[in-house]
Amino acid sequence: MYADDDNDSYHEATEGRDGIRDDNRTATGTVKSYRKTPFASKYTSRATLNRGENAFSPVVPIDPRQAIEDEHRLLLHELFARLITDPQMGLSHVQATANLELHGPNDIGTILEVPAWVRFSKSLFGGSSIILWMGVVLSFANYSIEVGKQEYPPVENVVLGVALLIVISITGILSFIQETKSASLIRHREAVMPETSKVIREGEEQEVASDELVIGDIILLGIGERIPADCRVLESNSFMVDNASLTGESEPLERDIHCTNDDLLLTKNMIFRNTYAVQGNCKAVVIRTGLNTIVGRMTEMTAANPKEATLISRELASFIHLATGVGIYMGVFFFIISFLLGYFWIDSILFLIGIIVANVPEGLLAVVTISLSVTAKRLMRRNCIVKNLETIETLGATSIILCDKTGTLTRNMATVAHVWFDNEIGEVDTGTDDRPAVSFDLQSSAWKNMARIAVLCNRAEFVGAGGDDREVLGTAIDSALLRNIEAVEGQSGTFRSLHPKVCEIPFNPIIKFQLSIHECHDYQQKGYLVTLVGDPEAILNRCSSAYVNGQERSIGDDYIAAFRYACTELGGLGERLVALADSRLSPQKYPPGFAFDSNNINFPLTGFRLIGIMSLIDPPRASVPDSIAKCQAAGIKVIMMTGDHPSTAKAIAKSVGILSLDQDPLEKNTLMNNSESCLITGEEMQEMSPEELENALMHHHEIILAGLSSEQKLDVVEACQRLGAIVAVTGDGVNDAAALRKADVGIAMGPGGTDIAKDAADVILMDNNFSSIVIAIEEGRIMFDNLRKMFFYTLASNMGELVPFVMFLFAQIPLPLGVLAVLCIDLGTDLLPGISLAFEEEETMYEAMKRGPRNPISDGIVTETMIFTSYGHVGLIQGAAGLFTYCVIMAENGFWPSNLVGIRTEWDSRAINDLKDTYGQEWTYEDRKNLEYSCHAGVFFSIVAMQWITLIISRTRKLSIFQRGMGNWVANFSIFFETCLAFLLIYMPGLNQGLQLQYLFPLSWFPPLPFLIILFVYEEMKKAYVRKHANTWIEHETCI
């Protein structure tokens, strides 16, 4: 499987032996003096620092916010004096407790979280719930006026007010529970493995919770651990960190004890919270915790940037203003009319309140909240956790996606993509780690030698049980090489055990290579095996020969030219290159048991044999290109915004479809030229004015933004919003948090994402996949279409409820429909049918992602067309059906329509018990009220029946219901449910009387039937015309 070649003396080992571990070099800061500096003494007047077992006495800790940020420049003994700690003994328990009490826990996770009571208050009083609160106030106000006017005031207004309070409470609690459930799920995933840190306190190593770390703690860090606080390095054993979550730069960085830069973020002796250790180990001292860390300050900066209101909240607020304005206008109008008609002023005020209440769609908030919850649960099953329900609709309106590269477009896992040996470039399938396909000869001796070097000169390790998806601890390069060889050749662990490592030089950015020395089965005769991996030019300079086509030959100009050509070709693809070489040490000069020393090098670092090159790339996810194409077809501009190198960004952009394969993006100095694509780096953006940035974003369809800082990402978001775009931003690092919070929709990565990014975001992807974003956008668009259908359905019954009241006022007829019956419609029979529209699929397949993003200004949820259609078309037919049913029931009982006009005062008078009907029959007050309640029941049922058809016609915009079918089982059930509920309210003894409804004879069910048929036929004919004649006046003015 690995190298086994007699010609070059490299044989596969057949027997193993215990490896000899080398002593790796360390660097320590030895404390020579414990004198206190003037700075330290200023804050530690009671402090004493002694050596020995009881090192510390009670002290007064300093406040890090008062300290100058020069911890990385201080001499170690000065730093220890300032922090009142000891590198060997650590803090005492007393000192640690005092520091914890002074500075608080090492936690920043809650600064961006909205307190629970605020979220609950928003659920109860925010958004469209103001409509319901207005209904509550007016209901109780109505009752209060009636109390002062009548001896026996009707209680229906009190019942209405109480019912509305119940509805507000239920919908508010539902919304709060859904948001809390999403946040709890995220926190639960994070709390499965609580973080701890290894510290030295009172001279002993111990584990403490990371949020209990304090300033002055001495901590021990190893590979794979997340840095829990800002620290200064005291000892380093080949220690390297990944600062990608902080800076966006994915290249591992070396850390040691030396101050190499005045800039705190650039010096090598500082490590920061939320970054990761990817190689080696170190000892460090904590200098800042919690909100005083670099991450904490960025969190505070993010929190200071308020989150904009969502689209749906703004549109609901607009609708509230519209509904309130219309209600008040109509109320004032009818108040004046009633006053002019001779009504007493108190009666006129009652009319005003009644008209306003009649315009309030009480059930709308419940329908919207529950429907958003349904979609949120559907998205949760697709790995999208929605923290704010209102964000779902905003996703559907997204017009620009500013997408991070690493982990979203790509797999966030470096993978071997190409190899170069025997003067040929071979390709490796990056789509899978399970036996990837290759385009080269796996039996080639050169490949076998490359495989051996890649496995042995490698510090990465598999974690956990066997399997292709095992986690690997190590640097990105080491992990990629190990995964590749394990997938292609297998048994890497066994091969390592048969080739014990006796010495190594870890990778160092200065020397640009890593080296390891191993025993082979024949090392006693042919010498130790030395393997070398590193930067291609650095490796080339250390090699004297090359292995080509099974033969070793000296390196000449032709080989160097071929080598550099391969580097240029592979580097142009945005791939990272490593060269691999090996050599054998003379067994006479380096006999078995030789003591190799990596600190004082006692073996050659030149004269190697160059085998070839491996190139690595973080490959795009397999589903991303199709998802990008779907976004582009939907009119969404996808812009790559990353902190990575421009060449890498450009290569990935081309591979996923953000950048056309035949397009080379323009540089900044030519951005004004006509071109489809452009590439802007962070350095170039610093020189651009806001107008230039906006111009580039507006006039180029394909855009790559590479090497951007967190401030620049925020500038890009703001520039897009100034252009009127609805912006979605993806990210997972601290440097993304401000942009995530500023965006209309912030989308954070779940696995591997930082807490601050998750707290700043509105949506969290638990699979870190761009395709999930596209799914969420599609669901958002479908949700918007369904919200329109819900609003149309809910508003359609308003006119049917309003017409009886208007006739009651102007014609002075007995009240056709009571307030409690209206409540039964809005909060009873209409609720489930309205919610059922949330389960509607697209009207035609892929329709949602074939049209461009909507304009939030001109294309809102509630439009003039919807108002005109729901009130002027469907509503009037419903009103006519209700009024016709009322007249039929009255006529059946002796009151012809001509006799009803003008009898309201006599009808409602308790003193009159001999009111005559058309046939001369006398009616008592109680009999009249029973008849009136029968009319309430008849009109109530007629509206319910008309809503059957309204629900059916609401399901489609253009398609016939016969084309659409009745596949929405929730809608089908809701028709059955509302019918049963209506019968229950009408015929259940006791309940009907409390709701002012009376028994109906079966014949009274049928008066609305003609209007049912008229409405259905009218809508089907209109849709047939619209399908045949597109973009006509009828479509624009009558199709919602």
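Cβ from N, Cα, C; glycine included.
Note: TrEMBL annotation is automatic and uncurated.
As the structure is a computational prediction, the values presented were derived from the model and not from experiment.
Features reported for this protein in TrEMBL:
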REGION    1-31  region 'Disordered'
COMPBIAS  8-25  compositional bias 'Basic and acidic residues'
DOMAIN    70-144  domain 'Cation-transporting P-type ATPase N-terminal'
TRANSMEM  124-145  transmembrane segment
TRANSMEM  157-177  transmembrane segment
TRANSMEM  319-343  transmembrane segment
TRANSMEM  349-372  transmembrane segment
TRANSMEM  790-811  transmembrane segment
TRANSMEM  817-839  transmembrane segment
TRANSMEM  860-891  transmembrane segment
TRANSMEM  937-954  transmembrane segment
TRANSMEM  966-987  transmembrane segment
TRANSMEM  999-1018  transmembrane segment
Report summary line: Counting only residues at least 6 beyond its ends, the same-chain positions whose CB falls under 8 A of a CB in the transmembrane segment (937-954) are 789, 792-793, 796-797, 800-801, 804, 816-817, 821, 824-825, 829-830, 833, 836-837, 874, 877-878, 881-886, 888-889, 961, 971, 974-975, 978-979, 982, 985-986, 992, 997-1000, 1004-1005, 1007-1009, 1011-1012, 1015-1016, 1019
Report task. Give the one range among 157-177, 319-343, 790-811, 817-839, 966-987 whose Cβ atoms make the most pairs under 8 Å with those of the transmembrane segment (860-891). Result -> 790-811
Requested in this report: Determine which residues of the chain contact the transmembrane segment (790-811) at the Cβ level, with the cut-off under 8 Å and only residues 6 or more beyond its ends counted.
Outcome: 334, 337-338, 351, 354-355, 358-359, 361, 363-364, 367-368, 371, 817, 822, 825-826, 830, 833-835, 837-838, 861-862, 866-867, 869-871, 874-876, 878-883, 886, 900-902, 904, 939, 942-943, 946-947, 950-951, 954, 1040
Report summary line: Helix, strand and coil residue totals from DSSP for the domain 'Cation-transporting P-type ATPase N-terminal' (70-144) stand at 45 helix, 1 strand, 29 coil
Report task. Grab the same-chain neighbours of the transmembrane segment (966-987) for me: Cβ-Cβ under 8 Å, and only residues 6 or more beyond its ends, written as numbers and ranges. Result -> 824, 828-830, 832-833, 835-837, 839-841, 937, 940-941, 944, 947-948, 951, 955, 995, 997-1000
Report summary line: Counting only residues at least 6 beyond its ends, the same-chain positions whose CB falls under 8 A of a CB in the transmembrane segment (817-839) are 156-157, 159-160, 163-164, 167, 354, 357-358, 361-364, 366-367, 370-371, 374-375, 783, 786, 789-790, 793-794, 797, 801, 804-805, 882, 886, 933, 935-937, 939-940, 943-944, 947, 951, 954-955, 968, 970-971, 973-975, 977-978, 981-982, 985, 995-997
Report summary line: The mean pLDDT across the domain 'Cation-transporting P-type ATPase N-terminal' (70-144) is 80
